[in-house]
Amino acid sequence: MNSRVHVAVRVRPPKSSAADTDPPVVHCHDRSRVAVTVPSPVMSSPPSSANSSLARPRTPPVSAWGSDASLSPSPGVGSALGSTNSLAGSAAMATQTLEFEFDTVFGPDAVQNDVYEQTVAPLVDAFTNGFNATVFAYGQTASGKSYTMGTATLPREVEQQGIIPRALRAIFDTVSDDAMAVKAKLSLVEIYNEDIIDLLVPPSTTTSPSSSPGGSAARSGLTLREDPSGNVFVLGATERTVTSAAECLAFLHQGLANRTTGATSMNPHSSRSHAILTLALTQHRAPHTTLASKFHFVDLAGSERLKRSRAEGGRRREGIAINQGLLVLGQVISALAARAANPTSSPQPHVPYRDAKLCRLLQPALGGNSRTVMVACVSGDKADVGETVNALRYASRARAIKNKCCVNVQASAGAVDEARVAQLVSENERLRALIAAMQAERALAVENVPVVEVNTQERDAQRRQDLNAFYAQCTALMGRTAALRSKLCAMSGGEARPALAQTAWA
C-alpha cells in the first residue's frame, strides 16, 4: 500500500528580542497554507548559496522552544536549508509573497496537544496495528524542533510535553487494553560527527561528552546493517525491555543526559548531534499471528551558520558535520520528489542514502516501508527568512514522496509447523497419485506380454529357416568347388597342387 509522507509546518513564536522591532514575515492563512514575505534578493538566491548573513548576530533568551540560533556554513559546505542575503537597507527593497500548501499548518499560538493529535496520533494507531512509523522534525536551529519533539526538556506539566511523551503514553495505553502478549524494546542513539553513539550506555568516567567533542568514544563504533526485508538497524545498540511509558521516559531522560552538547556564543547548551529513539513492538495475536513494528522518533540537529556562532575548533567541525548531514538529507528529499514527479523517466535520479548515516537510517522512512510524518519547524522572524523559505521548499518537496507500507507479520513457530505439516500432507497425496498411475500402467503392460511372446517366437522360427537355407547353399557351392578342383588337376597332367583350404560348415 502506497502512503504519502505527511508534512506539517509549525511556526514558532517570535523571539522576545525581535517581537517589538520586526514584524513577522510568516503568516498562516488557514490550516493548510502558509505565506512568507520575502525580500527580492532572497528570492533570487539559489538554495546552495550561503555567503552572507541576514542580520547581525543576536542571542535570544532561553525558553522552552530552545535558545540556539542559526549559523552560517563553512566555505564549501553550504547550509542544508539554503542561504540568505543581507537585509541591510531592506526597507527600500521590494518584497514578494511566497505561498506554500501542506497537510497541516500550525501557527505560533498552536499548543502541543494540537500538534500531536493532528500529526502523530494516526501514526500511533498504525504502529499498534503492525505498521512501521517515523516522525522527525526538520528545520533550522532554534526553530522549535526539540520543543516540538519533546527532547529539549521533559517538563512535568503535561500541557508542555512534546510528541514523544504523548506518543509513548498512547502506545502503551493501546496495547495494554488488548488481551495479547506484548513485548517492547527501546533504544536510543545519536549521530555525532558521522559516528553512531549508544546513549543508553553511560559515558566514560574520564571523559564527558558534554564537555569535550567526541568524549563518548567508548560508546561509539556502532554500525548500520540492513535485514533481508530492507529495514535498516543499528548493530550493537543497547535495547531495554520496557513495559510502560514511564519506563520509556526514564530511559529517554537518561539517554538525553548523555547526549553530546556544547556551548557556542549563540547557545550555551546546544545539541551537537541527531538523536534517534526507536521503540520496537512485538504483539502475539491468535491464531499464530505475530506483528513486529518499529517507531522511530528523530530529533534532528538544526542547520547552523558558523559566522553567527563564532564556533572554533571542535565546535566548528561539529557544525560542519551537522550541515553536511542535513545537506544530504535535502538531496535525498529532492531526488525522491523528482522520482515521484516522473516515475516513468529513465534513468531515475540517484538517491544518495549512503552519503550520510542519518539518511541511511531514515531510508525506510523516506521511500521505504514506513508511515512517515515530517514536521517542518520554521521561525517567523525577519532575520531567519532565508532559512525559513528553504525549509518550506524542502518540506513541499517531501510531500511528493511515496512510501510502500505493509503490515509486518511474522509467522509464529506453531504457524510454521502447521504450514510444514500441510505441505507434507500435500506432497504425500501427490506421491500416492503418482504411484497409482504407475501401477495402472504396469498392469496394462502385463496384459500385453503373451502377445509379445508369440510374435517373438514366429520371428525366431523365420530366422532359423533363413539360416538353414543359407547353410544348404554353402554346402552346394562347396561340392561344386571340389568337382572343379578335380577336373583342374586332371587337365594339368596330374601335377601336384597345393591343397585348397576347405571350410567345414555345420
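Positions of Cβ are set from backbone N, Cα and C atoms, glycine also.
The annotation region 'Disordered' is assigned in TrEMBL to 1-81 (among others).
TrEMBL lists 4-401 with the feature domain 'Kinesin motor'.
What TrEMBL records for 34-53 (among others) is compositional bias 'Low complexity'.
The annotation ATP binding site is assigned in TrEMBL to Gly139, Gln140, Thr141, Ala142, Ser143, Gly144, Lys145, Ser146. Of all the Cβ atoms in the protein chains shown, 30 others lie within 10 Å of the Cβ of Lys145 (ATP binding site).
Annotation source TrEMBL lists region 'Disordered' at 203-224 (among others).
The feature compositional bias 'Low complexity' is assigned by TrEMBL to 203-216 (among others).
For 421-448, the entry in TrEMBL reads coiled coil.
Of all Cβ atoms in the shown protein chains, 25 besides its own fall within 10 Å of the Cβ of Gly144 (ATP binding site). Summary for the binding-site residues Gln140, Thr141, Ser146: the Cβ-based neighbour count within 10 Å is maximal at Thr141. All chains included, 31 other C-beta atoms sit within 10 angstroms of the C-beta of Gly139 (ATP binding site).
When pLDDT values are averaged over the domain 'Kinesin motor' (4-401), the model yields 79. When the binding-site residues Ala142, Ser143 are compared by the number of other C-beta atoms lying within 10 angstroms of their own C-beta, Ala142 comes out lowest.
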